[in-house]
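Look at Swiss-Prot and you will find GLY82, ASN113 tagged as anthranilate 1 binding site. Annotation source Swiss-Prot lists 5-phospho-alpha-D-ribose 1-diphosphate binding site at GLY82, 85-86, 92-95, 110-118, SER122, citing sequence analysis. Annotation source Swiss-Prot lists Mg(2+) 1 binding site at SER94, GLU228, citing sequence analysis. Marked as anthranilate 2 binding site by Swiss-Prot on the basis of sequence analysis: ARG168. The annotation Mg(2+) 2 binding site is assigned in Swiss-Prot to ASP227, GLU228 on the grounds of sequence analysis.
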Amino acid sequence: MDIKSALSRIVGHLDLSTEEMRDVMRQIMTGQCSEAQIGAFLMGMRMKSESIDEIVGAVSVMRELADKVELKSLDGVVDIVGTGGDGANIFNVSTASSFVLAAAGCTVAKHGNRAVSGKSGSADLLEAAGIYLNLTPTQVGRCIDSLGIGFMFAQSHHSAMKHAAGPRRDLGLRTLFNMLGPLTNPAGVKHQVVGVFSQALCRPLAEVLQRLGSKHVLVVHSKDGLDEFSLAAPTFVAELKNDQISEYWVEPEDLGMKSQSLHGLAVENPQASLELIRDALGRRKTENGQKAAEMIVLNAGAALYAADHAMSLKAGVDLAHDVLHTGLAWEKLQELGAFTAVFKVENEA
C-alpha cells in the first residue's frame, strides 16, 4: 500500500492492517514520501487513533531498519524507559534507576534520547555526567557485556527517523512516533518497564510487545500523570508475563514505600537533574535527595522484577533499596564514564 492510499483509508477512520502499515512505514523511513504526506499521515493517525495492528507494523519496521546492538546473551537484559511528554519535568528517574539495576547485577541496555518537551532527556543527563554518547553499536555492546550497562543514543541507532523529523517538529503534537521509541530498543531486549503518557496506552502497548515476542514487561502510568511509578499516587500497570497480560493498580504502601509529595523533584536542566541524582545515589544530604532516592528505589525495584531478578514487585523494591544504600550505583555511573572515555579517544583520533 502506498501512502496516498493509506491517507484515503485513515481519513475515513479505517484502520490499516499490520502489513499495510509496514508498507507505509518503509516508504516514510526510506525517504519516499514528502514532508506534507508524512505530516498528513501522522495527523490522520492521531485523529483516528492508532490500532494495535498499526503500532505492531510501525515498530517492526523501525526495528528492522535500526542499527542493532549485538550482545553475548539477551537473558534477563532489561530496559527501563518512558515515552516522556508527561509535563512533570521530574528528574531522570529511569536513567538513575538503570545504574541501581546494574549495581544489583542486572544487565541493562538503556535506550534513550535528548529531551523533546521536557527539561532533561536521558542523553542530556548522561552527557552532563561526562559519559560519551556517540558510540558505535559494537562499542555499546562492549559496554553492556563488560560493565552490565550501556546507553543506546536513539538518534545514532534510528537514522531513518530523520525523514519524519521535519513534519514532527512542524506539527508540534504527540504522534505515533512518540510511542515508538520505547518499543524499538536496538538490542532487542525482552524485559522492560515502559512508562507511558496515558493510562489508555498501557494495555495496547502490552499487547503490542506480546505480539513482538517480549517476555516480561510492565507498561505503567501513574494517576498523577507520570510515565513511571509515582510516590504520590497509585500507578496503573499492564503486566505481560508468561504470555499473559494482567492489569492492576499499585500503591506505594503496597511495596513498603511511604506516599509523599513529589515537590522538589522537578528540574530545570540536566545539571540540576544530575545533582539531585548524585545526592540520591550518594550520601543523601538533602530532603529532596532522600525523596529522589525513594523514587529511584520504587522504579528500579519494578525493573528488577521485570528482569526476573526478583520474584515480585515488593522483593524488587527491597533489593533496590539495599543496593542503593551501598553507593555502588553511583560508582557504576562513574565506571561507564571512564569506559566510554576510551572510545571517545578512539573515535576522535
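Keep in mind that glycine also has a Cβ here, set from the backbone N, Cα and C atoms.
DSSP assigns ASN113 (anthranilate 1 binding site) to coil in the three-state reduction, outside any helix or strand. Separating the Cα atoms of GLY82 (anthranilate 1 binding site) and ASN92 (5-phospho-alpha-D-ribose 1-diphosphate binding site) is a whole-number distance of 10 Å.
Checking each of the binding-site residues THR95, GLY112, ASN113, ARG168 against GLU228 (Mg(2+) 1 binding site) by C-alpha distance, the shortest gap belongs to THR95. GLY112 (5-phospho-alpha-D-ribose 1-diphosphate binding site) has SER94 as its nearest neighbour among the binding-site residues SER94, ARG168, ASP227, going by CA to CA distance. Annotation for ASN113 (anthranilate 1 binding site): spatial neighbours GLY121, SER122, ALA123, PHE153, ALA154, GLN155, GLY181, criterion Cβ-Cβ under 8 Å with sequence separation of six or more.
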